[in-house]
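Encoded as C-alpha coordinates, the structure appears first; notes follow it.
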Amino acid sequence: MAKVKTTFFCQSCGSQYAKWQGQCNACKQWNTIVEELIHKPEKSDWKSPTSTSKKHASKPLKINEIDSSQEARLNMQDAEFNRVLGGGMVPGSLTLLGGEPGIGKSTLLLQIALKLNYKTLYVSGEESQKQIKMRAERILPNSDNCYILTETKTQHIFKQIESLEPDIVIVDSIQTLHSDYIESSPGSISQIKECTTELIKFAKETATPVLLIGHITKDGHIAGPKILEHMVDTVLQFEGDRNHVFRILRANKNRFGSTNELGIYEMQGSGLREVSNPSELLISEKDGELSGNAVAATLEGMRPLMIEVQALVSTAVYGTPQRSATGFNAKRLNMLLAVLEKRAGFRLGAKDVFLNITGGITVDDPAIDLAVVASILSSNEDEALPSDYCFAAEVGLSGEIRPVQRVEQRILEAEKLGFSTIFVSKYNKIALKNPAIKVQLISKVEDLVGFLI
Ligand code: TYD
Ligand code: MG
(Lines of atoms letter the chains of each structure in order from A and count residues from 1; the text may use other names and numbers.)
(Lines give C-alpha, C1' and ligand atoms only; values in the text may rest on other atoms or scores of the structure.)
(Ligands and ions follow the chains in the order given, each with its own letter.)
Protein backbone atom coordinates (compact mmCIF):
# COMPACT_ATOMS: atom_id res chain seq x y z
CA MET A 1 0.00 0.00 0.00
CA ALA A 2 1.47 3.27 -1.05
CA LYS A 3 1.76 6.07 1.43
CA VAL A 4 -1.44 8.08 1.73
CA LYS A 5 -0.90 11.76 1.31
CA THR A 6 -3.14 14.78 1.38
CA THR A 7 -2.73 17.86 -0.72
CA PHE A 8 -4.57 21.14 -0.87
CA PHE A 9 -6.11 22.31 -4.12
CA CYS A 10 -7.65 25.59 -5.17
CA GLN A 11 -11.17 24.81 -6.43
CA SER A 12 -11.06 27.76 -8.72
CA CYS A 13 -7.79 27.37 -10.61
CA GLY A 14 -6.50 23.96 -9.55
CA SER A 15 -3.23 25.17 -7.98
CA GLN A 16 -1.71 22.80 -5.49
CA TYR A 17 -0.47 23.67 -1.97
CA ALA A 18 1.29 21.75 0.78
CA LYS A 19 -0.81 23.33 3.52
CA TRP A 20 -4.08 25.17 3.84
CA GLN A 21 -4.23 28.91 3.33
CA GLY A 22 -7.05 31.42 3.07
CA GLN A 23 -6.24 32.89 -0.31
CA CYS A 24 -4.95 31.21 -3.45
CA ASN A 25 -1.64 32.74 -4.53
CA ALA A 26 -2.32 32.00 -8.17
CA CYS A 27 -5.86 33.27 -8.75
CA LYS A 28 -6.26 35.43 -5.60
CA GLN A 29 -9.62 33.86 -4.74
CA TRP A 30 -10.53 33.50 -1.05
CA ASN A 31 -11.71 30.30 0.62
CA THR A 32 -11.30 28.15 -2.43
CA ILE A 33 -8.62 25.82 -1.06
CA VAL A 34 -9.74 22.36 -0.01
CA GLU A 35 -7.91 19.29 1.25
CA GLU A 36 -7.94 16.14 -0.84
CA LEU A 37 -6.52 12.67 -0.31
CA ILE A 38 -4.23 11.46 -3.03
CA HIS A 39 -1.54 8.95 -3.56
CA LYS A 40 0.80 9.40 -6.42
CA PRO A 41 0.39 7.22 -9.48
CA GLU A 42 3.28 4.80 -9.78
CA LYS A 43 2.59 4.39 -13.43
CA SER A 44 0.26 5.92 -15.91
CA ASP A 45 -2.91 4.09 -16.85
CA TRP A 46 -3.18 4.30 -20.51
CA LYS A 47 -0.59 2.05 -22.09
CA SER A 48 -0.85 2.10 -25.82
CA PRO A 49 0.06 -1.26 -27.36
CA THR A 50 2.84 0.31 -29.37
CA SER A 51 4.12 2.77 -26.82
CA THR A 52 7.02 0.61 -25.69
CA SER A 53 8.29 -0.05 -29.19
CA LYS A 54 7.87 3.56 -30.30
CA LYS A 55 9.60 5.08 -27.31
CA HIS A 56 11.75 7.76 -28.79
CA ALA A 57 11.88 11.40 -27.93
CA SER A 58 10.24 13.87 -30.28
CA LYS A 59 12.64 15.73 -32.58
CA PRO A 60 12.23 19.23 -33.94
CA LEU A 61 11.04 19.30 -37.56
CA LYS A 62 10.82 22.11 -40.09
CA ILE A 63 7.22 23.24 -40.27
CA ASN A 64 7.15 22.62 -44.02
CA GLU A 65 8.25 19.04 -43.49
CA ILE A 66 5.52 18.15 -41.04
CA ASP A 67 2.99 15.89 -42.66
CA SER A 68 -0.49 17.20 -42.00
CA SER A 69 -2.28 14.89 -44.39
CA GLN A 70 -3.36 12.34 -41.80
CA GLU A 71 -5.20 15.05 -39.88
CA ALA A 72 -8.33 14.35 -41.91
CA ARG A 73 -11.30 15.23 -39.79
CA LEU A 74 -13.99 12.77 -38.82
CA ASN A 75 -17.43 13.54 -40.15
CA MET A 76 -19.84 13.57 -37.21
CA GLN A 77 -22.93 13.12 -39.45
CA ASP A 78 -24.39 16.28 -37.95
CA ALA A 79 -24.01 19.46 -39.95
CA GLU A 80 -24.41 21.77 -36.95
CA PHE A 81 -21.91 19.87 -34.81
CA ASN A 82 -19.39 19.67 -37.66
CA ARG A 83 -19.67 23.39 -38.26
CA VAL A 84 -19.06 24.30 -34.61
CA LEU A 85 -16.03 21.99 -34.49
CA GLY A 86 -14.65 23.71 -37.57
CA GLY A 87 -15.44 21.00 -40.12
CA GLY A 88 -15.49 17.74 -38.18
CA MET A 89 -13.58 16.17 -35.37
CA VAL A 90 -9.79 16.14 -35.35
CA PRO A 91 -8.24 12.72 -34.55
CA GLY A 92 -6.66 12.65 -31.11
CA SER A 93 -8.49 15.73 -29.91
CA LEU A 94 -10.26 16.13 -26.60
CA THR A 95 -13.55 18.03 -26.67
CA LEU A 96 -15.43 19.12 -23.59
CA LEU A 97 -19.17 19.81 -23.79
CA GLY A 98 -20.58 21.88 -20.95
CA GLY A 99 -24.10 22.96 -20.21
CA GLU A 100 -26.77 23.27 -17.54
CA PRO A 101 -28.43 20.13 -16.19
CA GLY A 102 -31.26 18.93 -18.41
CA ILE A 103 -30.30 21.08 -21.36
CA GLY A 104 -29.67 17.99 -23.53
CA LYS A 105 -25.93 17.22 -23.40
CA SER A 106 -26.42 13.48 -23.01
CA THR A 107 -29.11 13.51 -25.69
CA LEU A 108 -26.86 15.35 -28.14
CA LEU A 109 -23.86 13.08 -27.73
CA LEU A 110 -25.90 9.87 -27.67
CA GLN A 111 -27.63 11.00 -30.84
CA ILE A 112 -24.27 11.64 -32.47
CA ALA A 113 -22.98 8.27 -31.28
CA LEU A 114 -25.99 6.54 -32.83
CA LYS A 115 -25.62 8.31 -36.17
CA LEU A 116 -21.87 7.87 -36.59
CA ASN A 117 -20.40 5.55 -39.17
CA TYR A 118 -17.45 4.85 -36.88
CA LYS A 119 -17.19 2.38 -34.06
CA THR A 120 -18.19 4.47 -31.06
CA LEU A 121 -17.91 3.73 -27.38
CA TYR A 122 -20.34 5.69 -25.20
CA VAL A 123 -19.24 5.46 -21.57
CA SER A 124 -21.81 6.59 -19.06
CA GLY A 125 -21.32 7.00 -15.36
CA GLU A 126 -24.75 8.49 -14.93
CA GLU A 127 -27.26 6.15 -16.50
CA SER A 128 -27.57 2.38 -16.80
CA GLN A 129 -27.34 0.56 -20.13
CA LYS A 130 -31.12 -0.02 -20.05
CA GLN A 131 -31.86 3.64 -19.47
CA ILE A 132 -29.60 4.63 -22.33
CA LYS A 133 -31.24 2.03 -24.56
CA MET A 134 -34.66 3.50 -23.73
CA ARG A 135 -33.46 6.94 -24.72
CA ALA A 136 -31.76 5.61 -27.85
CA GLU A 137 -34.98 3.93 -28.97
CA ARG A 138 -36.70 7.27 -29.07
CA ILE A 139 -33.88 8.92 -30.99
CA LEU A 140 -32.72 6.35 -33.52
CA PRO A 141 -33.65 2.72 -32.93
CA ASN A 142 -31.09 1.08 -35.20
CA SER A 143 -27.39 1.56 -34.84
CA ASP A 144 -24.71 -0.97 -35.56
CA ASN A 145 -21.64 0.90 -34.46
CA CYS A 146 -22.52 2.20 -31.04
CA TYR A 147 -21.34 0.39 -27.90
CA ILE A 148 -22.61 1.39 -24.45
CA LEU A 149 -20.54 0.91 -21.31
CA THR A 150 -21.59 1.93 -17.83
CA GLU A 151 -18.41 2.35 -15.87
CA THR A 152 -16.75 5.04 -13.83
CA LYS A 153 -13.28 3.68 -13.14
CA THR A 154 -10.79 4.81 -15.77
CA GLN A 155 -8.69 1.65 -15.41
CA HIS A 156 -11.69 -0.49 -16.36
CA ILE A 157 -12.65 1.85 -19.17
CA PHE A 158 -9.17 1.61 -20.70
CA LYS A 159 -9.29 -2.18 -20.46
CA GLN A 160 -12.53 -2.21 -22.45
CA ILE A 161 -11.11 0.28 -24.92
CA GLU A 162 -8.09 -1.94 -25.51
CA SER A 163 -10.25 -4.90 -26.46
CA LEU A 164 -12.90 -2.95 -28.40
CA GLU A 165 -10.60 -0.46 -30.17
CA PRO A 166 -13.25 2.18 -30.84
CA ASP A 167 -12.79 5.04 -33.31
CA ILE A 168 -14.44 7.59 -31.02
CA VAL A 169 -14.93 7.61 -27.26
CA ILE A 170 -17.66 9.60 -25.53
CA VAL A 171 -17.64 10.00 -21.75
CA ASP A 172 -20.71 11.15 -19.82
CA SER A 173 -19.49 12.80 -17.60
CA ILE A 174 -15.97 13.71 -16.48
CA GLN A 175 -17.26 14.45 -12.97
CA THR A 176 -18.35 10.81 -12.47
CA LEU A 177 -14.99 9.27 -13.42
CA HIS A 178 -12.44 8.16 -10.90
CA SER A 179 -8.96 6.76 -11.10
CA ASP A 180 -7.47 4.18 -8.73
CA TYR A 181 -4.38 6.27 -8.25
CA ILE A 182 -6.16 9.07 -6.49
CA GLU A 183 -8.18 8.44 -3.38
CA SER A 184 -10.41 11.46 -3.33
CA SER A 185 -14.01 11.12 -4.40
CA PRO A 186 -15.23 11.42 -8.01
CA GLY A 187 -15.84 15.01 -9.03
CA SER A 188 -13.04 16.36 -6.84
CA ILE A 189 -10.38 18.50 -8.41
CA SER A 190 -7.58 15.96 -8.22
CA GLN A 191 -9.79 13.23 -9.70
CA ILE A 192 -10.95 15.41 -12.58
CA LYS A 193 -7.36 16.44 -13.30
CA GLU A 194 -6.03 12.91 -13.15
CA CYS A 195 -8.83 11.37 -15.25
CA THR A 196 -8.50 14.09 -17.88
CA THR A 197 -4.74 13.62 -18.03
CA GLU A 198 -5.22 9.89 -18.57
CA LEU A 199 -7.79 10.50 -21.29
CA ILE A 200 -5.55 13.06 -23.02
CA LYS A 201 -2.68 10.60 -23.01
CA PHE A 202 -4.93 7.93 -24.49
CA ALA A 203 -6.34 10.30 -27.13
CA LYS A 204 -2.98 11.63 -28.27
CA GLU A 205 -1.26 8.24 -28.40
CA THR A 206 -3.97 6.44 -30.34
CA ALA A 207 -5.28 9.43 -32.34
CA THR A 208 -8.76 8.59 -31.05
CA PRO A 209 -10.97 11.63 -30.51
CA VAL A 210 -12.61 11.84 -27.09
CA LEU A 211 -15.77 13.76 -26.27
CA LEU A 212 -16.34 14.61 -22.62
CA ILE A 213 -19.47 15.95 -20.96
CA GLY A 214 -18.81 18.41 -18.15
CA HIS A 215 -21.29 19.71 -15.61
CA ILE A 216 -21.46 23.39 -14.94
CA THR A 217 -21.74 25.18 -11.66
CA LYS A 218 -24.33 27.72 -10.50
CA ASP A 219 -22.41 30.62 -12.00
CA GLY A 220 -22.12 28.96 -15.39
CA HIS A 221 -18.55 27.65 -15.29
CA ILE A 222 -17.59 24.07 -15.98
CA ALA A 223 -17.36 22.34 -12.60
CA GLY A 224 -13.81 21.51 -11.65
CA PRO A 225 -10.65 23.47 -12.01
CA LYS A 226 -10.30 26.07 -14.73
CA ILE A 227 -7.25 24.06 -15.75
CA LEU A 228 -9.63 21.46 -17.23
CA GLU A 229 -10.58 23.98 -19.90
CA HIS A 230 -6.89 24.62 -20.58
CA MET A 231 -6.12 20.93 -20.92
CA VAL A 232 -8.70 20.07 -23.56
CA ASP A 233 -8.52 21.17 -27.20
CA THR A 234 -12.08 22.36 -27.60
CA VAL A 235 -14.66 23.63 -25.14
CA LEU A 236 -18.23 23.59 -26.39
CA GLN A 237 -21.15 25.14 -24.58
CA PHE A 238 -24.70 23.90 -24.99
CA GLU A 239 -27.17 26.54 -23.97
CA GLY A 240 -30.71 27.71 -24.30
CA ASP A 241 -33.78 28.24 -22.21
CA ARG A 242 -35.09 24.94 -20.94
CA ASN A 243 -38.66 26.10 -21.40
CA HIS A 244 -38.08 26.85 -25.04
CA VAL A 245 -37.26 24.41 -27.75
CA PHE A 246 -34.12 26.07 -29.11
CA ARG A 247 -30.67 24.95 -28.08
CA ILE A 248 -27.53 26.73 -29.19
CA LEU A 249 -24.16 25.03 -29.42
CA ARG A 250 -21.15 27.29 -29.47
CA ALA A 251 -17.41 26.88 -29.12
CA ASN A 252 -15.80 28.86 -26.29
CA LYS A 253 -12.38 27.57 -27.21
CA ASN A 254 -11.31 25.73 -30.32
CA ARG A 255 -7.74 24.86 -31.21
CA PHE A 256 -8.82 23.67 -34.65
CA GLY A 257 -11.36 26.22 -35.81
CA SER A 258 -13.16 29.47 -35.30
CA THR A 259 -15.14 30.18 -32.13
CA ASN A 260 -17.59 32.29 -34.09
CA GLU A 261 -19.55 29.38 -35.47
CA LEU A 262 -22.84 28.39 -34.00
CA GLY A 263 -25.05 25.32 -34.14
CA ILE A 264 -28.78 25.47 -33.59
CA TYR A 265 -30.99 22.58 -32.53
CA GLU A 266 -34.61 22.13 -31.68
CA MET A 267 -35.55 19.75 -28.83
CA GLN A 268 -38.25 17.38 -29.95
CA GLY A 269 -39.86 14.27 -28.55
CA SER A 270 -37.45 12.20 -30.61
CA GLY A 271 -34.23 13.97 -29.74
CA LEU A 272 -32.57 17.06 -31.11
CA ARG A 273 -33.28 18.20 -34.63
CA GLU A 274 -30.69 20.21 -36.55
CA VAL A 275 -32.06 23.59 -37.51
CA SER A 276 -30.40 24.63 -40.72
CA ASN A 277 -32.53 27.68 -41.36
CA PRO A 278 -33.35 29.15 -37.95
CA SER A 279 -34.77 32.39 -39.29
CA GLU A 280 -37.82 30.68 -40.73
CA LEU A 281 -38.67 29.24 -37.34
CA LEU A 282 -38.02 32.38 -35.37
CA ILE A 283 -40.39 34.51 -37.34
CA SER A 284 -43.87 33.58 -36.25
CA GLU A 285 -46.59 32.75 -38.72
CA LYS A 286 -49.49 35.12 -38.49
CA ASP A 287 -52.62 35.83 -40.48
CA GLY A 288 -52.73 39.58 -40.23
CA GLU A 289 -50.18 42.23 -39.48
CA LEU A 290 -49.96 43.02 -35.80
CA SER A 291 -48.86 46.24 -34.22
CA GLY A 292 -45.71 46.13 -32.10
CA ASN A 293 -43.92 43.49 -34.17
CA ALA A 294 -40.68 44.14 -36.04
CA VAL A 295 -38.06 41.85 -37.51
CA ALA A 296 -34.34 42.40 -36.93
CA ALA A 297 -31.57 41.01 -39.13
CA THR A 298 -29.07 40.01 -36.44
CA LEU A 299 -25.90 37.93 -36.42
CA GLU A 300 -25.20 35.19 -33.90
CA GLY A 301 -21.53 34.47 -34.25
CA MET A 302 -21.10 34.25 -38.02
CA ARG A 303 -24.67 33.25 -38.74
CA PRO A 304 -27.35 35.64 -39.87
CA LEU A 305 -30.53 35.21 -37.88
CA MET A 306 -33.81 37.01 -38.49
CA ILE A 307 -35.39 37.61 -35.11
CA GLU A 308 -38.80 38.94 -34.25
CA VAL A 309 -39.10 41.69 -31.65
CA GLN A 310 -42.42 42.39 -29.97
CA ALA A 311 -43.23 45.51 -28.02
CA LEU A 312 -46.28 46.49 -26.04
CA VAL A 313 -46.73 50.13 -25.10
CA SER A 314 -49.71 50.93 -22.91
CA THR A 315 -50.79 53.63 -20.50
CA ALA A 316 -49.25 53.06 -17.08
CA VAL A 317 -51.79 51.82 -14.58
CA TYR A 318 -49.65 52.59 -11.56
CA GLY A 319 -47.83 55.82 -10.89
CA THR A 320 -44.41 54.63 -12.02
CA PRO A 321 -44.39 53.20 -15.51
CA GLN A 322 -43.01 49.71 -15.86
CA ARG A 323 -40.29 48.77 -18.30
CA SER A 324 -39.42 45.18 -18.82
CA ALA A 325 -37.44 43.31 -21.44
CA THR A 326 -37.10 39.59 -22.10
CA GLY A 327 -34.08 38.56 -24.15
CA PHE A 328 -32.84 42.14 -24.41
CA ASN A 329 -30.83 44.31 -22.05
CA ALA A 330 -33.27 46.35 -19.92
CA LYS A 331 -30.80 49.24 -19.57
CA ARG A 332 -30.48 49.46 -23.31
CA LEU A 333 -34.28 49.51 -23.60
CA ASN A 334 -34.40 52.49 -21.23
CA MET A 335 -31.75 54.22 -23.26
CA LEU A 336 -33.65 53.69 -26.51
CA LEU A 337 -36.83 55.01 -24.88
CA ALA A 338 -34.98 58.12 -23.76
CA VAL A 339 -33.67 58.63 -27.29
CA LEU A 340 -37.19 58.30 -28.70
CA GLU A 341 -38.52 60.76 -26.16
CA LYS A 342 -35.84 63.36 -26.79
CA ARG A 343 -35.27 63.00 -30.54
CA ALA A 344 -38.60 61.90 -31.91
CA GLY A 345 -40.86 63.75 -29.50
CA PHE A 346 -42.69 60.68 -28.21
CA ARG A 347 -44.17 61.07 -24.77
CA LEU A 348 -43.40 57.65 -23.40
CA GLY A 349 -42.86 58.83 -19.83
CA ALA A 350 -46.32 57.77 -18.65
CA LYS A 351 -46.41 54.51 -20.59
CA ASP A 352 -45.60 50.94 -19.64
CA VAL A 353 -43.23 49.38 -22.15
CA PHE A 354 -42.76 45.62 -22.45
CA LEU A 355 -40.34 44.10 -24.88
CA ASN A 356 -39.95 40.48 -25.86
CA ILE A 357 -37.59 38.67 -28.19
CA THR A 358 -39.46 35.65 -29.49
CA GLY A 359 -38.09 32.11 -29.35
CA GLY A 360 -36.51 32.50 -25.89
CA ILE A 361 -33.31 33.87 -27.38
CA THR A 362 -31.13 36.53 -25.81
CA VAL A 363 -29.65 38.98 -28.28
CA ASP A 364 -26.49 41.01 -27.71
CA ASP A 365 -26.04 42.16 -31.27
CA PRO A 366 -26.46 45.97 -31.30
CA ALA A 367 -28.01 45.72 -34.77
CA ILE A 368 -31.30 44.83 -33.11
CA ASP A 369 -31.72 48.41 -31.81
CA LEU A 370 -33.54 49.71 -34.85
CA ALA A 371 -36.07 46.87 -34.79
CA VAL A 372 -36.68 47.55 -31.08
CA VAL A 373 -37.33 51.22 -31.82
CA ALA A 374 -39.60 50.33 -34.74
CA SER A 375 -41.63 47.86 -32.66
CA ILE A 376 -42.08 50.44 -29.89
CA LEU A 377 -43.19 53.09 -32.37
CA SER A 378 -45.57 50.64 -33.99
CA SER A 379 -47.15 49.59 -30.70
CA ASN A 380 -47.38 53.17 -29.48
CA GLU A 381 -49.29 54.20 -32.60
CA ASP A 382 -51.15 50.90 -32.66
CA GLU A 383 -50.27 50.61 -36.27
CA ALA A 384 -48.79 47.46 -37.78
CA LEU A 385 -45.56 47.64 -39.75
CA PRO A 386 -45.61 45.98 -43.16
CA SER A 387 -44.65 42.37 -42.42
CA ASP A 388 -42.02 42.36 -45.16
CA TYR A 389 -39.94 45.13 -43.57
CA CYS A 390 -36.87 44.33 -41.53
CA PHE A 391 -34.18 46.32 -39.72
CA ALA A 392 -30.44 46.14 -39.04
CA ALA A 393 -28.79 49.12 -37.36
CA GLU A 394 -27.58 50.40 -34.03
CA VAL A 395 -29.15 53.52 -32.51
CA GLY A 396 -26.83 56.04 -30.89
CA LEU A 397 -27.53 58.41 -28.00
CA SER A 398 -28.19 61.39 -30.23
CA GLY A 399 -30.66 59.41 -32.30
CA GLU A 400 -28.20 58.70 -35.09
CA ILE A 401 -28.49 55.41 -36.94
CA ARG A 402 -25.11 53.73 -36.72
CA PRO A 403 -23.61 51.19 -39.10
CA VAL A 404 -23.28 47.53 -38.15
CA GLN A 405 -20.76 44.90 -39.13
CA ARG A 406 -21.35 42.44 -41.98
CA VAL A 407 -24.34 44.31 -43.29
CA GLU A 408 -24.20 42.56 -46.67
CA GLN A 409 -24.66 39.19 -45.03
CA ARG A 410 -27.74 40.48 -43.23
CA ILE A 411 -29.18 41.98 -46.41
CA LEU A 412 -28.69 38.72 -48.30
CA GLU A 413 -30.40 36.73 -45.55
CA ALA A 414 -33.36 39.12 -45.57
CA GLU A 415 -33.53 38.88 -49.33
CA LYS A 416 -33.44 35.08 -49.19
CA LEU A 417 -36.38 35.04 -46.80
CA GLY A 418 -38.48 37.24 -49.03
CA PHE A 419 -38.40 40.59 -47.22
CA SER A 420 -39.13 43.56 -49.47
CA THR A 421 -37.28 46.30 -47.58
CA ILE A 422 -34.43 46.41 -45.10
CA PHE A 423 -33.60 49.57 -43.13
CA VAL A 424 -29.90 50.11 -42.54
CA SER A 425 -27.64 53.00 -41.65
CA LYS A 426 -26.67 55.50 -44.31
CA TYR A 427 -23.09 55.16 -43.12
CA ASN A 428 -22.79 51.47 -43.95
CA LYS A 429 -20.61 50.75 -46.94
CA ILE A 430 -22.62 48.33 -49.06
CA ALA A 431 -20.92 46.66 -51.99
CA LEU A 432 -23.90 44.63 -53.19
CA LYS A 433 -24.94 45.10 -56.79
CA ASN A 434 -28.68 45.37 -57.47
CA PRO A 435 -30.10 43.28 -54.63
CA ALA A 436 -33.70 42.23 -55.15
CA ILE A 437 -34.52 43.69 -51.75
CA LYS A 438 -34.90 47.44 -51.32
CA VAL A 439 -32.14 48.78 -49.06
CA GLN A 440 -33.49 51.86 -47.30
CA LEU A 441 -30.71 54.04 -45.94
CA ILE A 442 -31.51 56.25 -42.97
CA SER A 443 -29.35 58.44 -40.77
CA LYS A 444 -31.61 59.55 -37.91
CA VAL A 445 -34.41 58.07 -35.78
CA GLU A 446 -36.68 60.86 -37.05
CA ASP A 447 -36.29 59.48 -40.59
CA LEU A 448 -37.63 56.13 -39.44
CA VAL A 449 -40.68 57.81 -37.92
CA GLY A 450 -41.33 59.43 -41.31
CA PHE A 451 -41.18 56.08 -43.09
CA LEU A 452 -43.29 54.07 -40.70
CA ILE A 453 -46.00 56.38 -39.48
P1 TYD B 1 -30.46 15.21 -21.04
O2 TYD B 1 -29.86 15.00 -22.39
O3 TYD B 1 -30.40 14.07 -20.10
O4 TYD B 1 -29.78 16.49 -20.40
P5 TYD B 1 -28.32 16.65 -19.74
O6 TYD B 1 -27.51 15.47 -20.09
O7 TYD B 1 -27.80 17.93 -20.35
O8 TYD B 1 -28.52 16.82 -18.28
O9 TYD B 1 -31.99 15.59 -21.21
C10 TYD B 1 -32.49 16.83 -21.54
C11 TYD B 1 -33.98 16.96 -21.57
O12 TYD B 1 -34.41 16.70 -22.87
C13 TYD B 1 -34.78 16.07 -20.67
O14 TYD B 1 -35.36 16.85 -19.65
C15 TYD B 1 -35.86 15.50 -21.52
C16 TYD B 1 -35.69 16.13 -22.85
N17 TYD B 1 -35.78 15.22 -24.00
C18 TYD B 1 -36.71 15.46 -24.99
O19 TYD B 1 -37.49 16.41 -24.93
N20 TYD B 1 -36.77 14.60 -26.07
C21 TYD B 1 -35.94 13.53 -26.18
O22 TYD B 1 -36.01 12.79 -27.18
C23 TYD B 1 -34.98 13.30 -25.16
C24 TYD B 1 -34.05 12.13 -25.23
C25 TYD B 1 -34.93 14.17 -24.09
MG1 MG C 1 -26.83 13.94 -18.82
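Cβ atoms here come from the backbone N, Cα and C positions, even for glycine.
Per TrEMBL, ATP binding site is recorded for Gly99, Glu100, Pro101, Gly102, Ile103, Gly104, Lys105, Ser106. Long-range C-beta contacts of Ser106 (ATP binding site), restricted to its own chain and to partners at least six residues apart, with a cutoff below 8 Å, comprise Ser124, Glu126, Glu127, Arg135, Asp172, Ile213.
Residues or ranges marked as domain 'RecA family profile 1' in TrEMBL: 70-216.
The region 'Disordered' annotation in TrEMBL covers 42-64.
Residues annotated as region 'Lon-protease-like' in TrEMBL: 352-453. If you average pLDDT over the region 'Lon-protease-like' (352-453) in this model, you get 90.
Outside the motif 'RadA KNRFG motif' (253-257) by six or more residues, the chain places 84-87, 90, 93, 229, 232-235 with a CB less than 8 A from a CB of the stretch. Taken from TrEMBL, the feature motif 'RadA KNRFG motif' covers 253-257.
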*asked:* Which binding-site residues from the set Pro101, Ile103, Ser106 have a C-beta atom lying less than 6 Å away from ligand 2?
replied: Ser106
*Can you tell which of Gly99, Pro101, Gly102, Gly104 has the most other C-beta atoms within 10 Å, given these are the binding-site residues?*
Gly99
_Based on a Cβ-to-ligand 1 distance below 6 Å, what subset of the binding-site residues Glu100, Gly102, Ile103, Ser106 would you report?_
Gly102, Ile103, Ser106
_Quiz question: given the binding-site residues Glu100, Ile103, Lys105, which has the greatest number of C-beta atoms lying within 10 angstroms of its own C-beta?_
Lys105
*So, by DSSP, how many helix, strand and coil residues make up the region 'Lon-protease-like' (352-453)?*
37 helix, 26 strand, 39 coil
